[in-house]
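Copied over from Swiss-Prot:
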- 1-20: signal peptide (SIGNAL)
- GLN21: pyrrolidone carboxylic acid (MOD_RES)
- CYS28-CYS134: disulfide bond (DISULFID)
- CYS61-CYS185: disulfide bond (DISULFID)
- ASN65: N-linked glycosylation site (CARBOHYD)
- ASN98: N-linked glycosylation site (CARBOHYD)
Amino acid sequence: MVMLLLLLSALAGLFGAAEGQAFHLGKCPNPPVQENFDVNKYLGRWYEIEKIPTTFENGRCIQANYSLMENGKIKVLNQELRADGTVNQIEGEATPVNLTEPAKLEVKFSWFMPSAPYWILATDYENYALVYSCTCIIQLFHVDFAWILARNPNLPPETVDSLKNILTSNNIDVKKMTVTDQVNCPKLS
């Protein structure tokens with residue numbers, strides 16, 4: 001009984017902490033990823049254009065920078081500008097899940113947190129990227145994360161719509177997606 005109460009308390013905490021995040025019943029969707037993915041072409045700076053809201057990204061001018069480390073892993077540096085003008089950042093590492101699907105990565109930001117999926121569903125490497133992540137919770141429901149990224153702070157609306165259509169066609173709800181403010185943003189390190 002105590003274990004059940006602890007589990008229910010933890011779930012209630014998850015729901016309370018995840019306001020705005022996309023919780024759904026059932027297991028995670030399994031969308032196809034970018035074919036013939038080339039991580040070397042993916043490296044560099046990406047600007048967040050839209051996302052399914054997350055509890056861990058609340059600022060504006062959100063940027064991600066990917067670089068190859070000596071150990072073969074990918075260094076991930078995510079940065080955002082807070083309302084008070086300070087830069088919030090987190091650094092992590094991404095690694096391929098398996099070599100047959102190099103667009104399926106796992107990213108880890110802290111030694112005490114589990115790795116999270118980071119799947120590149122679509123990219124042309126020079127303009128846009130569509131990233132999806134999903135975490136299944138006790139086999140009852142899942143939480144979705146999705147990001148539309150661009151090499152520049154803006155992306156044509158027709159490109160954004162096309163990327164959202166990829167998500168929708170794979171049963172990933174885009175109704176909660178929000179635009180990331182990239183107006184008058186500095187280039188973060």
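Yeah, the Cβs are placed from backbone N, Cα and C, and that goes for glycine too.
Recorded features from Swiss-Prot, shown on the structure.
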residue: CYS28; record: disulfide bond; DSSP class: coil
residue: CYS61; record: disulfide bond; DSSP class: strand
residue: ASN98; record: N-linked glycosylation site; DSSP class: coil
residue: CYS134; record: disulfide bond; DSSP class: strand
residue: CYS185; record: disulfide bond; DSSP class: coil
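CYS28 (disulfide bond) is surrounded by 18 other CB atoms, counting those within 10 A of its CB over all protein chains shown. Listed in sequence order, LYS104 are the same-chain residues six or more apart from ASN98 (N-linked glycosylation site) with CB atoms under 8 A from its CB. Around the Cβ of CYS185 (disulfide bond), 16 further Cβ atoms fall within 10 Å across all displayed protein chains. Over all protein chains present, the Cβ of CYS134 (disulfide bond) has 20 other Cβ atoms lying within 10 Å. For the pair CYS185 (disulfide bond) and ASN65 (N-linked glycosylation site), the Cα-Cα distance reads 15 Å. Within the group of recorded positions (CYS61, ASN65), the Cβ with the highest number of other Cβ atoms inside 10 Å belongs to CYS61. Taking only the Cα positions, the spacing between CYS134 (disulfide bond) and CYS61 (disulfide bond) is 24 angstrom.
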